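S.K.: I have a structure I would like to understand better, so I am pasting it below and will then ask my questions one at a time.
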Amino acid sequence: MSNFEQFQFDFYQSNYTIDDQEEGCNSYGSDKNLSESRRSQTEKQPPAGGFVPSDMLLSPQSYTGQILQPTCSSDTLSQLGYVDGFDEEPPLLEELGINFEHIWQKTLTVLNPMKPADGSIMNETDLTGPMVFCLALGATLLMAGKIHFGYVYGMSAIGCLAMHALLNLMSTSGVSHGCVASVLGYCLLPMVILSSSAVVFSLQGIPGTVLALFIIGWCSLSASKIFTSALAMEGQQLLIAYPCALLYGLFALLTVF
């Protein structure tokens with residue numbers, strides 16, 4: 001036997017000899033016996049479930065547990081800060097900083113210069129009323145044939161910056177830009193009355209000049225009263241009223257001329 005045949009014999013090891021394979025291939029009866037022997041061996045093998053312990057085979061009704069589901073009580077939600085529904089949520093206008101009661105109180109304070117102002121309310125940075133009054137002033141000037149929206153907003157912005165710097169120098173507590181803009185804007189309401197009068201009749205005469213001076217004094221008195229009560233500047237109302245009169249005098253010039 002050569003080396004190559006020895007290698008094949010060593011590599012392909014089998015229990016059958018070449019003679020047995022040739023006899024098996026030539027005889028039909030031997031193939032039939034071989035298939036029957038294999039079938040009998042298969043029938044004698046135990047089923048696969050026979051090797052599994054009986055305690056591990058569970059019937060469909062043997063599991064009596066329940067599926068865990070998260071449950072939250074009302075006390076748990078209240079402790080976590082959750083609110084049941086929208087009943088306890090604040091209104092949308094209050095979240096936006098729009099309080100109609102405070103707007104009405106500020107408007108009444110401006111319309112009545114002799115009424116004492118509430119410093120806690122007047123110190124708020126509410127710009128809803130000032131924006132409405134500025135739009136009303138521009139609209140009434142437009143009805144009189146004067147397009148001065150840019151002048152109204154420009155002078156309002158410059159006047160708020162100047163008054164903010166002046167009040168910070170005069171007061172010890174200081175004041176914010178929003179508070180100054182809110183007070184000056186609310187006190188612009190009498191100037192809207194003057195511009196509404198300009199729609200009906202001309203103000204370029206002695207009656208119109210007297211009315212304009214009265215409105216300027218009204219606006220400056222209301223603004224100085226509110227500033228002194230909100231910033232605790234008693235005894236300095238005349239010092240605050242003078243620059244306020246200069247600012248409202250510019251609006252009066254726009255209205256008259």
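Each Cβ is built from the backbone N, Cα and C atoms, and glycine gets one as well.
Owing to the predicted nature of the structure, the values given are computational and were not obtained by experimental measurement.
According to TrEMBL, the protein has these features:
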type	residues	note
REGION	22-53	region 'Disordered'
COMPBIAS	33-42	compositional bias 'Basic and acidic residues'
DOMAIN	112-253	domain 'Yip1'
TRANSMEM	151-171	transmembrane segment
TRANSMEM	183-203	transmembrane segment
TRANSMEM	210-233	transmembrane segment
TRANSMEM	239-256	transmembrane segment
S.K.: Report, as numbers and ranges, which residues of the same chain sit near the transmembrane segment (151-171): CB under 8 Å and 6 or more residues beyond its ends.
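M.R.: Long-range Cβ neighbours of the transmembrane segment (151-171): 134, 137-138, 141, 177, 180-181, 184-185, 188, 227, 231-233, 236, 239-240, 243-244, 247, 250-251, 254.
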S.K.: Summarise the domain 'Yip1' (112-253) as counts of helix, strand and coil residues per DSSP.
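M.R.: Counting residues per DSSP class in the domain 'Yip1' (112-253), I get 106 helix, 0 strand, 36 coil.
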